[in-house]
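A.B. asks: What follows is a single structure, and I will ask about it in a moment.
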Amino acid sequence: MPELPEVEAARRAIEENCLGKKIKRAIIANDSKVIEGVSSVDFESALLGKTIVSAHRKGKNLWLHLDSPPFPSFQFGMAGAIYIKGVAVTKYKRSAVKDNDEWPSKYSKFFVELDDGLELSFTDKRRFARVRLLKDSYISGIGNWIADEVLYQARIHPLQICSSLSKENCATLHNCIKEVIEKAVEVGADSSQFPSNWIFHSREKKPGKAFVDGKKIDFINAGGRTSAYVPELQKLSGTVATKAAGKPTKQASKKKGGDEAEDNDDDEDGVGDEPTNEEEESTKITKPKKGGNPRGRGRKPPMKRKAKESDDDDDDDDSGGNNDGSSEEDDEDLTEKGRKVKTNTSNKQAKTVKTSKRPVSSQDGKKPKRAK
């Protein structure tokens, strides 16, 4: 895997062999995963006739400064490499192209021929590299907490699109970047000496307990990372604000047991579905218990039904009842139970049928005491 030394070796090889030369031919691979944000045709057109003025590196990123923008840049990824035909770029691995080698390689993503016949190629076998065409030079990443601090000081929302910023916003942002970094370096990165009005001091606190200058700090996901900001001061503007207003908030979809659980097709995490499923499972488990309890209220409906059926059998011999082929012994049993129920003249007496199997006295209509 190419690290900073390999990228620097490639930069130096370009600087020693390619500066001041004009690009007379270019071949860019039709690979949208590696060639990012521009078609191969447009990329080739932007290179033809341009002169390579210098080669620069920032971290593990390399770019060629041409006599006019845009400029080609290379992020090496896992297997990216620069080859110059006839030149050993680095001893880290095979870097010199031999006469019998395939050229340009089938893994070539960027190939140019210069006006003196020298040829340069950027290859990537594993396709984790990125080749871009940029109008301006690089800015290094400044870190999570500095990004939060800079945006807070500049009063810019973390989700605000860069291209939507005004010139005034850009100037303010640039000044805040310089001020925050200079102050942090000045005190030797000792956070206890950072200004008290920085969001830094509260960005690690829990939601609802984080404040800066008396204003609430919220936390959102921006660019794959958690970003702290102050909604009262950092507001989205332009079309970005309009789009954001039309989208449901993620916090609402994650409430458990709320109304949102019924309709959360837009919840990618699926968290909102869980309460509903649990309730459904609970209902499925509870229902059989109600109907299957031998000592509960579930016994009452079948007893009433049997009693009613036996009454019909007793009163109407031609109806045949509802036994559907039951034996005579069952008919006699049902009839006997029906007669016992008839002896009861009140609702309390009917309830006795459910709670006790003892015969009920026909004299006083009271239910017998249950044995303890």
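Just so it is clear, glycine is given a Cβ too, placed from its N, Cα and C backbone atoms.
Reproduced below are the annotations present in TrEMBL:
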DOMAIN    2-129  domain 'Formamidopyrimidine-DNA glycosylase catalytic'
REGION    240-372  region 'Disordered'
COMPBIAS  260-281  compositional bias 'Acidic residues'
COMPBIAS  286-307  compositional bias 'Basic residues'
COMPBIAS  310-319  compositional bias 'Acidic residues'
COMPBIAS  343-363  compositional bias 'Polar residues'
A.B. asks: Looking only at the domain 'Formamidopyrimidine-DNA glycosylase catalytic' (2-129), report the model's average pLDDT.
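C.D. replies: Overall, the domain 'Formamidopyrimidine-DNA glycosylase catalytic' (2-129) comes to a mean pLDDT of 91.
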A.B. asks: For a three-state summary based on DSSP, what are the helix, strand and coil counts in the domain 'Formamidopyrimidine-DNA glycosylase catalytic' (2-129)?
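C.D. replies: Each residue of the domain 'Formamidopyrimidine-DNA glycosylase catalytic' (2-129) counted once, the result is 22 helix, 46 strand, 60 coil.
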